[in-house]
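S.K.: Per Swiss-Prot, Mn(2+) 1 binding site is recorded for GLU37, GLU67, HIS70, and the stated evidence type is similarity to another entry. What Swiss-Prot lists as Ca(2+) binding site is ASP58, ASP62, SER204, and the listing cites similarity to another entry. According to Swiss-Prot, the Mn(2+) 2 binding site annotation covers GLU67, GLU138, HIS171, on the basis of similarity to another entry. Annotation source Swiss-Prot lists compositional bias 'Polar residues' at 213-225. Among the features that Swiss-Prot reports, region 'Disordered' is placed at 204-225.
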Amino acid sequence: MFKHEKQLLNGMQVKVERENPQYAVLMQEQLGGANGELKAAMQYLSQSFRVKDQALKDLFLDIGTEELSHMEIVAETINLLNGHSVNYEVVGVGEVESHVLSGLTPFLVNSSGEPWTANYVSVTGDIVADLLSNIASEQRAKVVYEYLYRQINDKEVRRTIDFLLNREEAHNALFREALNKVKNEGSNKDFGVTEDSKLYFDLSTPGRYVQDPNPTEPSFSNPRR
């Protein structure tokens, strides 16, 4: 069950220094993009349905729910940046849907105007694979927010981005902690138990491949030659 609280997450107040439709276009990436908030929410909530451990299930549900609140924050930021005047020319060659289709309403598209798709969502039913996917998702989302921060010269929007970026770091840390707790479960049960799984083929330099009757675990710092 979900309930909507009128107050934004953590008492957040979304503000902008001034209207800027181009900045709104950039922020659309984190609303309807492949590494955006809607994608994260749908991914974690969908994954939670097959998680048996109640503590981990709660983690997936809690973070997924928080991502929905992030989506609300991003959408409100876009709404303020778009202002009140419908004029596709102000976004140049950027995403024009909000000016010709949605009447400036934040739209479920990315910064190029491509619609959100469930193809962005990764669900395997394997707790280890899903956690690894989520760690990578949070890292990518952080990178996108860093790019946005560098390009958006609005201190209020930057404050919002900084908060969201830091929350991606928190989620990343939580998923990493969860991964440590299930390191011998799921697809990790028989991980690295055969000789083939311990080979590192040194294909980048001249010389023999790894051919050893007693292979050691792969190592990037000291490859067997």
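Including glycine, each Cβ sits where the backbone N, Cα and C put it.
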S.K.: State which of the following binding-site residues has the fewest other Cβ atoms within 10 Å around its Cβ: ASP62, GLU67.
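M.R.: Taking ASP62, GLU67 as the binding-site residues, the minimal 10 Å Cβ count falls on ASP62.
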S.K.: Restricting to the same chain and to sequence separations of six or more, state which residues have a Cβ under 8 Å from that of HIS70 (Mn(2+) 1 binding site).
M.R.: LEU9, GLU37, ALA40, ALA41, LEU164, ARG167
S.K.: Going by DSSP, is GLU37 (Mn(2+) 1 binding site) part of a helix, a strand, or coil?
M.R.: helix
S.K.: Let me make sure I understand the structure: which of the binding-site residues listed (GLU37, ASP58, GLU138) has the fewest other Cβ atoms within 10 A of its Cβ?
M.R.: ASP58
S.K.: For the Mn(2+) 1 site (GLU37, GLU67, HIS70), what does the 8 A shell look like? I mean other same-chain residues with CB within 8 A of the CB centroid.
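M.R.: Residues close to the Mn(2+) 1 site, other than GLU37, GLU67, HIS70: GLN30, GLY36, LEU38, ALA40, ALA41, GLU66, LEU68, SER69, MET71, ILE73, VAL74, LEU164.
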